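What follows is a short report on a single structure.
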């Protein structure tokens with residue numbers, strides 16, 4: 001053994017060839033600060049070996065290196081800029097020394113090589129991979145850019161276009177694509193990986209392969225003519241501006257850095273990467289996006305822990321076909337859980353099956369499945385007008401009309417047709433679960449399971465615990481949602497649960513702005529372009545359905561009369577009374593016509609201004625700041641109340657529910673992350689300006705308390721230790 005660290009070791013393999021093996025104590029290898037320091041020590045040992053002829057890097061895990069340790073990021077981002085810059089210089093000196101070894105080097109890459117893992121293998125001369133490879137640089141998705149030389153080496157290896165596509169989009173690619181673009185030199189079966197890598201090294205040692213020529217381009221300026229450079233970088237900047245926009249500075253910074261570094265050799269190019277990385281790491285966007293990653297891990301870990309002792313349902317059923325029922329049935333069948341889909345009429349069943357078939361055909365068009373797989377999946381959805389097969393199902397989700405009487409009747413009837421241990425769930429969006437449970441003999445086997453539309457796209461499923469729902473019931477439904485590829489978040493019961501309960505105060509803020517003379521077009525523009533929502537409130541209401549929102553608003557007002565009962569006729573009432581239900585009937589805040597792809601395209605409709613004039617004061621202008629404040633304060637206040645009332649368990653779960661269920665702008669990180677970034681005292685000052693607008697604008701006492709003590713909602717993060725300690729960590 002030449003060297004043994006906590007996460008890697010170095011040993012002789014054969015005849016002058018050494019192997020450096022990543023072997024962390026846990027289930028995966030991460031390139032954390034300690035591993036970078038250990039890698040530097042191992043390379044120091046290699047540099048002393050006079051009889052070294054070649055080096056093979058490999059992993060003892062199912063994946064090579066999954067990336068940097070993102071749990072360290074938030075504390076690293078708090079390190080002063082100069083210290084962070086110094087640490088990056090140290091880390092890059094380690095990879096440079098790996099790249100500069102006076103012998104050929106090869107990485108035998110299995111499974112994932114992402115982020116720092118990818119940057120590590122870019123420093124070797126050759127890369128041999130297994131068919132299960134996923135390799136790439138996802139840093140821009142975390143609000144940063146590659147910091148271990150990825151933005152320098154990858155363009156010089158692949159050419160500007162392929163590298164920009166991966167780096168700017170934060171993409172990873174599979175083995176075939178990696179081989180095609182030159183990111184790896186070969187793909188072999190897992191059992192032949194090490195032997196294959198040794199064979200390549202022997203060829204390089206014997207002079208059959210010119211490893212020095214392979215290495216040289218990575219040390220030099222990027223080989224691009226002026227015209228090629230202009231085209232590549234202009235196109236990349238245009239694409240990034242279109243897709244990422246101003247709220248996500250990392251992708252455009254990465255492109256500009258690669259462009260600026262193109263004319264320099266490795267050292268100067270790495271300096272430019274360093275100068276770009278450090279300011280990005282100190283942005284609110286980076287903290288928010290890293291926070292989302294960590295919250296996502298937390299939420300998924302919680303679901304895994306909850307379901308460790310239960311069996312995932314093997315057979316499911318959906319009550320109520322149509323678009324929603326068909327979407328749920330498709331998602332279940334697509335992920336391997338056969339489903340019975342019941343309705344009371346043929347027309348709805350046909351609609352449900354058509355929806356499932358349409359979604360499967362999209363997978364076929366994208367090349368994700370072949371005709372055989374499509375036929376196989378669709379055959380596991382069984383449409384029925386009766387309860388045939390219900391004695392075999394483990395879980396049933398009801399997705400009938402949003403009417404408590406109808407839902408109670410359907411659930412009570414179904415309870416008589418299933419096994420005593422079968423779990424029933426309701427896909428209601430607003431009706432309290434405990435109210436529906438009154439109709440059942442076994443309320444402990446019942447809970448809420450709120451999907452979001454369109455089911456195949458929206459990641460969130462709210463699992464609602466009723467007063468009598470058992471832990472096992474919740475666990476089974478969480479297991480099914482996870483199996484469907486969804487992110488289940490368990491919430492406690494109340495009208496609207498979590499997501500709709502906090503959405504309707506936001507709509508109330510919108511209605512009040514319109515009442516006071518604001519233009520809905522400007523509100524939408526501000527909330528989309530400035531705050532960052534994917535849709536403004538008017539457009540969102542058109543998509544959700546004005547009739548759906550009108551009904552849900554009444555349910556919420558009955559549930560929370562003190563705050564959500566309104567004493568005036570609003571824009572939603574006016575449009576509803578005029579039979580303008582949004583996209584579903586082509587008339588809402590806008591008029592809708594289908595484009596060439598069959599998608600609804602919005603157009604101005606002057607009639608709307610006349611309708612809104614009946615429920616509004618004369619038009620006047622509002623500043624962007626006032627629009628954002630008046631829209632967001634009611635929502636954030638309600639989010640805080642939900643935490644204080646234990647409707648939702650943690651700030652992390654609340655923020656993920658908002659992002660995955662409503663499209664809350666990820667660069668803000670969620671409502672609690674936004675609050676922490678703004679500061680609770682500053683938020684309180686802002687909210688107090690609008691208290692006269694009513695109870696929705698009154699800040700909850702718990703938040704006032706946070707402001708008094710200057711406390712954040714997320715646990716404070718300590719800066720990482722000084723750079724000298726990081727080196728030797």
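Just so you know, glycine gets a Cβ as well, placed from its N, Cα and C.
The annotation in Swiss-Prot ties 296, 500 to substrate, and of the candidates under consideration, 387, 568, 592, 660, the one tied to the same site is 660.
Take the NAD(+) site that Swiss-Prot assigns to 343, 400, 401, 402, 407, 429, 453: the candidate from 324, 353 listed for it is 324. Cα proximity to residue 429 (NAD(+) binding site) (within 10 Å) is found for the following recorded positions from 119, 139, 296, 500, 660: 500.
On its own chain, residue 402 (NAD(+) binding site) has 428, 429, 430, 431, 548, 551, 552 as residues at least 6 apart in sequence with a Cβ closer than 8 Å to its own Cβ. Here the CA atom of residue 401 (NAD(+) binding site) lies 53 Å from the CA atom of residue 119 (site 'Important for catalytic activity'). Residue 450 (active site, for 3-hydroxyacyl-CoA dehydrogenase activity) sits 19 Å from residue 343 (NAD(+) binding site), counting Cα to Cα. The 10 Å shell around the Cβ of residue 660 (substrate binding site) contains 24 further Cβ atoms across the protein chains shown. Under the DSSP three-state reduction, residue 119 (site 'Important for catalytic activity') is assigned to helix.
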